[in-house]
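Q: So Swiss-Prot has the following annotated:
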type	residues	note
BINDING	ASP8, ASP9, SER40, ASN92	divalent metal cation binding site
Amino acid sequence: MRILLTNDDGIHAEGLSVLERIARTISDDVWVVAPEVDQSGLAHSLTLSEPLRLRPVSERRFALRGTPTDCVIMAVKKILDRKPDLVLSGVNVGANLADDVTYSGTVAGAIEGTLQGIRSIALSQAYQHAVGRDVPWDVAETHAPALIRTLMGVDLPDGTLINLNFPNCAVDAVAGVEVTSQGKLEFGLSIDERTDGRGFPYFWLRFGERAGDFRSGTDIRALRDNRISVTPLKLDMTDHAAQERIAQALREGSVA
């Protein structure tokens, strides 16, 4: 089985090394095409305003001056002589839960793999966001191989990818695996305005206290309870429940 790896934290990220070790427990045909630099938060974006620069790092490992989406496209369309059987994106430093998935370059790597007709899985490792806190990579590294093997045997509908999130706990404290839905997460975003040395303003996005929907069955609740979250995501974002309401409103409004 051929496996393609990518991420959004960059070619030198520790999570990518973890993912390589995970992948090599499953196959000896592992390829890496990852961003040259950190591309976190760029979601499913393409690089269209500048050229893509590809740099071989070592055998079957490449760094691309581009986004995770660019990386998957470059691998499938240029580097590989045939499509991989599996795309793994991650392991991200930090969870990608709830509304995070719309911003996530990690999830986007799996989205692009799915668009290319390849079984794709995004992997993220939760940790305590504080200076000096260690990321418990061993949780993902211990539990991911068996999960991936199981998920490869599931007959998923076309256009479906898997989003895996591993809890912030010790390996032996993991309380199981749960199939979840996306929760709801408020980021507490604000704008931090500062002034440079010439007196001109500049800005940073600032994350405040997060508020989450911890209802049973959500990805947020699973991680809070030290369970591994397995969330199937669909590329088709049509709100089918709203279609008839909108159609009825248009009919009543006599819109042609």
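Note that Cβ sites are derived from N, Cα and C of the backbone, with glycine treated the same way.
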Q: Using the Cβ center of ASP8, ASP9, SER40, ASN92 as the divalent metal cation site position, which other residues in that chain lie within 8 Å, going by their Cβ?
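A: Apart from ASP8, ASP9, SER40, ASN92, the close residues are ASN7, GLY10, ALA13, GLY15, ASP38, GLN39, PRO68, GLY90, VAL93, GLY94, SER104, GLY105, THR106.
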Q: Could you check what DSSP calls ASN92 (divalent metal cation binding site) once collapsed to helix, strand or coil?
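A: Its secondary structure by DSSP: strand.
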Q: Hey, which of the binding-site residues ASP8, ASP9 is the loneliest by Cβ count within 10 Å?
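A: Among the binding-site residues ASP8, ASP9, the lowest count of other Cβ atoms within 10 Å belongs to ASP9.
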